[in-house]
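Q: Take this structure first; my questions come after.
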């Protein structure tokens, strides 16, 4: 009995002794889930042997790089481990994490929108992150240290208003563009800021009031003068267009700033008068002699006369112009028609009221001479608001059609697994496209508009673009499903086509897969031509696509073509510049020289796509011999030579095509790729030529191979 009691007592002691440790090691379920997803998003790296993709106990099992307090994760430190992939989409659940260090790895993609919200230290330096510095950083009020250096970030979407505790900010060696945000003035604890090796522009005046000790702005595009307050700190400024001399004098009429006394405010006139009175005993101290007084009196008389002259002139001009304003009032208000949902008519309603604008400019010039009396100010505002009314109404009229869905960044991150590489469908001129699968099973394609394509951070501008694209309605134009405009990010959501792009079919398909036979190629050419005909000749005003290429022709399950990016390049402000930088062999000669696009340049690009369908070759292929690298230069001389034409046909067709159909197809190509734009046909004529070709092909009963007799393989007709 005694022995049994001893054993029982020992068991109880063991249980009591181990229970606190067990409870201490149980990790909060939200923290565990966030780390599970983070592990999967980083491609389940072997370097993190204790980590798992589901379940586990990060605190109790001492996962590598994880520090806990109780059941909550408080620190994540995984620097210099060669980690790749992305960071997942549930980091915002880590509400107790105060330090997050993933520096010196190979992590890429966009920074996750959801980051731990209560961080004091965030270090993501020396990775491969792209896109923008996420807005969620703006909410981290406790943040003291932020390092995003040596990545490929382009847009600074951070609002610094709440980051009053931030002491060290390092954004160096990225691709940031534009001016520093005005909210930088809120960085009242900033000691060191590193902005070197970016493309920032504008002035650095916004940093003048900060308590900085170190500032590195080298190798940017800053202009203007260096504030005096920054000249006494550790400042590195080489590689800019800054003026290190004294700042220019203030504009005329601006009171000089005295170092000995602050600039008097509007309520200090009495004190100022007293000061002058007290100093009147010694005119040498006051600095105001009899000549100065006389000058001021004369100046006041002149200014009064000028004001009176303009008041009289303005009254007369108002009487004489009242009739004109009434006559033009209908034209001014006419842009309100833009509220109509008819995309094909919206731009026709825009009017230019030059007479009214001129009068508005004249009166505004007279206003700048002096503060007007209150009753006159009210009268002028009434007139001015009448003239401004059309502009305000026009902007307010931009409404996205009700059939277009609105998504949040969080929605799209979940659907794309935080825009993972596994869901990347392709990367084009204006951004990357991802496959998105939603909870209801629906699959869509999400295009993230690159900040360089839409540099303005104005949601209204993007909404206007979306509204215009949403009105495009044609069976061969990819349909817009929805959009997202949130925290400086702009995304468009399109219908998804499982067969991918024509480019993939022609150039990336595996040899054992079924090749694209002749009739589907003609069908794809005809459908794409009809899409362009719609944009060019049905839409009003006409829409120049600007980006016709095989990668933008998507194929559904029946190989029907759908032209993507329709209207996008036409409405984006920087499209021409971006397209010229990314020419892939589709650009017309005049576009390559001038950088300008037209309906006829679209026709040329379509001809290049037809050449791809005919030959199976890329528009430009550097792996081929120099004489064959440019598809147009190599193929054009052979289009009217039957023997040569047969030899340049895509070998994947294995000679199974109608010779007459092939010849007529080549004739259409030759017309489209004419060097002179005036000789290229309109798309309606191209459509008619291809319709006739398809009709004749369907009537044909045999297929002829190159250098062989007839064949009875009717499937290729």
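Backbone N, Cα and C define each Cβ position, glycine as well.
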Q: Pick from 442, 447: which one does Swiss-Prot list with 425, 426, 427, 428, 429, 430, 431, 432, 433 for the same ATP site?
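A: Given 425, 426, 427, 428, 429, 430, 431, 432, 433 bind ATP in Swiss-Prot, the matching entry from 442, 447 is 447.
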Q: Could you check Swiss-Prot and say which of 278, 349, 379, 625 is marked as phosphoserine?
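A: Of 278, 349, 379, 625, Swiss-Prot lists 379 as: phosphoserine.
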Q: Among the residue ranges 135-185, 186-236, 237-287, 288-338, I'd like the one that Swiss-Prot describes as region 'Disordered'.
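A: My reading of Swiss-Prot: the region 'Disordered' range is 237-287.
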Q: Out of 165-187, 189-210, 211-232, what stretch is closest in contact terms to the repeat 'LRR 2' (118-139), meaning most Cβ pairs under 8 angstroms?
A: 165-187
Q: On average, what pLDDT score does this prediction assign to the repeat 'LRR 3' (142-164)?
A: 92
Q: Summarise the repeat 'LRR 1' (96-117) as counts of helix, strand and coil residues per DSSP.
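A: Split into helix, strand and coil, the repeat 'LRR 1' (96-117) gives 0 helix, 8 strand, 14 coil.
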Q: Hey, which bits of the same chain come close to the repeat 'LRR 1' (96-117), Cβ under 8 Å, at least six residues off its ends?
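A: Contacts with the repeat 'LRR 1' (96-117): 31, 42, 69, 72-90, 123-137, 139-140, 142, 147-148, 153, 409-410, 413, 418-421, 448, 487, 489.
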Q: For the repeat 'LRR 3' (142-164), give the DSSP counts of helix residues, strand residues and coil residues.
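A: Per-class counts: 3 helix, 8 strand, 12 coil.
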Q: With DSSP as the yardstick, break the repeat 'LRR 5' (189-210) down into helix, strand and coil residue counts.
A: 3 helix, 7 strand, 12 coil
